[in-house]
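Peer 1: Here you go, one structure.
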């Protein structure tokens, strides 16, 4: 029995036909992912202005000496508060529930002063300088944005001790008329006392400002020549009635009799 061989030609035709049909049929597009609206990411929350740091308030009335000692790097300011007894005054006011704000310069701020700046001050001026760093009210960081300048200090208010505070973003700036300082951070805050670190010593204009120039002397007035007072009419009439010197001499001379004269010539 003879084997019948199959020709490969029909198989080739079937393969080519399948390829043609596959090429003509459009490819199915891939499924698209559903579009979702894109929203901008939320802005990070704004940092609070001068947020309090690690030092927590105590149950008793705050003590300015204890606060500055714990904070460190305020030994010069702390020493001046003790010498002038302004620190004692602050603690007494705090014990009476008075609310205060203190600007504390660190030791490097005092080191940046000219040599002998503090030694030239009198005891009263040193006391006023320390009092100038104490506000008579409590101010949180956000309250500095709405203050009315100038701010009253323990040293006084008005023209002698002007202290102005301005804010720019989260920055708090202090102007004294002599220096421009910046509040760097909060040292302590408990809604009764706020202690802020400043980068410069707050020099008062009354003590460290330019000396007031002496008043110029008033110009001398030119001397006017004296005028002879005119005589009155009564004086003029009296002068007219008064006899002349010749008439007075004649009237005062003795009157000799006429015969006497003849007798002299006859001798």
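A Cβ is built for glycine as well, from the same backbone N, Cα and C atoms used for every other residue.
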Peer 1: Look up region 'Disordered' in TrEMBL and report which of 160-213, 214-267 it refers to.
Peer 2: 214-267
Peer 1: If you average per-residue pLDDT over the domain 'FAS1' (61-202), what number do you get?
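Peer 2: Averaging the confidence scores along the domain 'FAS1' (61-202) gives 94.
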